[in-house]
Amino acid sequence: MAVKTSQSEDPTFELMTRTGTLRREGTRSEMQDLEIIASAGASFRPGDIPPPPDGGLHAWTQVAMGWIAIFATWGYVNSFGSFQAHYTSTLPQTPFQISWIGSIQVWFTFFGSAFSGRLLDAGFWVPTFIVGSTLQLLGIFTMSLSTSYWHLMITQGVVTGIGGGIIFAPSLALVATYFEKRRGIAIGLVTTGNSLGGTVYPLVVRTLLPEIGFSWTARVLGFINLIGFVLVAIFMRPRLPPRQTGPIIDWTAFKDVLYLCYVSGLFFFVWSVYYTFYYLASFGQDEIGMSFADSSILTTIINAVGLPTRVLIPFLADRIGPLNTIAPAGMCVAIVAYTWLAVHNETGVYVFSIFYGIASGAFQSLMPTGVASITTRLDTIGTRMGMCFSLISFAGLSGPPIGGLLQSKSLEGAHVWAALSSTLAAILLVLARVLKVGWKVKTRC
């Protein structure tokens, strides 16, 4: 992938006119690196791309539409903790079994994003979005008719997850093509839909479920997404013409120790974070004695408090480097995770939710940015990012069920496992930083 970039405007990059690639010669804003290729497969070629408008009504409209798309996909996924608490009290299945519904949904959303970005490159944004949004809505509305565990597994887990995976990556990539200098803030604003969606959906569930029941609550969620998707379908349009895509898998990445170390760190973080997000509400209900309404607010809190950090932390990373930022964020997540062992009352669980949401929100905002910072060839960032999402999707798939299985035997054991996973993630990310620049403290990376 190559980006048409003027050397006079960006002296840290050298345009390779013979090969059509763009190679990193120095360091520049890692958020800009990320947003050049927010999807797997955004293949840019020099000479055929007009400069991005970098603002204006049409460009900012794409930001608003991208925000809606992320709100309705990852925001909805992040609200599963409220459903976990409800299903635990209404279904005969164990928390371990119930968590597979959310895990399957996360896996399809992550894994599918590695491939759906290719469809945007090929010029199929409109049919891609229509198929993805239709599947997601189909999953939600058929979820409202579900009466058993396996119904929910298919509707909320599989169908909704596939639909979200088809929408997620192309929406983010499309917005990135409209900006260059303001790309960081544009994508930063789009990704706040993740946290705000994870805040709003649990509030809707908490408010409506006791009043109108599960079926109509699910339908209300579906209508919310339907309205948003109609707006996206009308106003969101790609800026670039169809272009040739690159390979889905960069096999040289598996020989890159730095890349493997970084992705492994993300894997262990995701392994534990979705267990925490999904089980926190049921923990408040089953262990602390909170009502369903009060325990559901925990899911809202843990998502809401991460909203400011998702905007602010990437700007800090632009100054000191993403690896210098994500490694300390990982340490903070690990430290807070250990404090879960000391939570035995409502005050404690609220405090834990706040600090864990802040730390994990900061970490998650930097995950894709770090891929850009450790990739030497700009034209392979998209491919390596897609591979990264695909690999960590298996952590999202297995983490909550493993935590649930451990929790059925020992609650403390499950919490220790989550904390140790976060600790290992932080260690691997520190190691990734050392592999890149050594032990030089003041070096940006």
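The backbone N, Cα and C atoms fix where each Cβ goes, glycine too.
Whatever TrEMBL says is automated annotation, not expert-curated.
Marked as transmembrane segment by TrEMBL: 59-77, 97-115, 122-143, 149-173, 185-204, 216-236, 257-277, 297-316, 323-343, 349-369, 381-402, 414-435. Residues or ranges marked as domain 'Major facilitator superfamily (MFS) profile' in TrEMBL: 59-444.
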With pairs 6 or more apart in sequence, are the transmembrane segment (185-204) and the transmembrane segment (414-435) linked by at least 3 Cβ pairs under 8 Å?
no
Tell me, please, if the transmembrane segment (216-236) and the transmembrane segment (97-115) are in contact, taking contact as 3+ Cβ pairs under 8 Å between residues separated by 6 or more positions?
no
Under 8 Å between C-beta atoms and at least six residues away from its ends: which parts of the chain pack against the transmembrane segment (122-143)?
72-73, 76, 116, 151-152, 155-156, 158-167, 170-171, 174, 218-219, 221-222, 225-226, 229, 232-233, 236-238, 241-243, 245
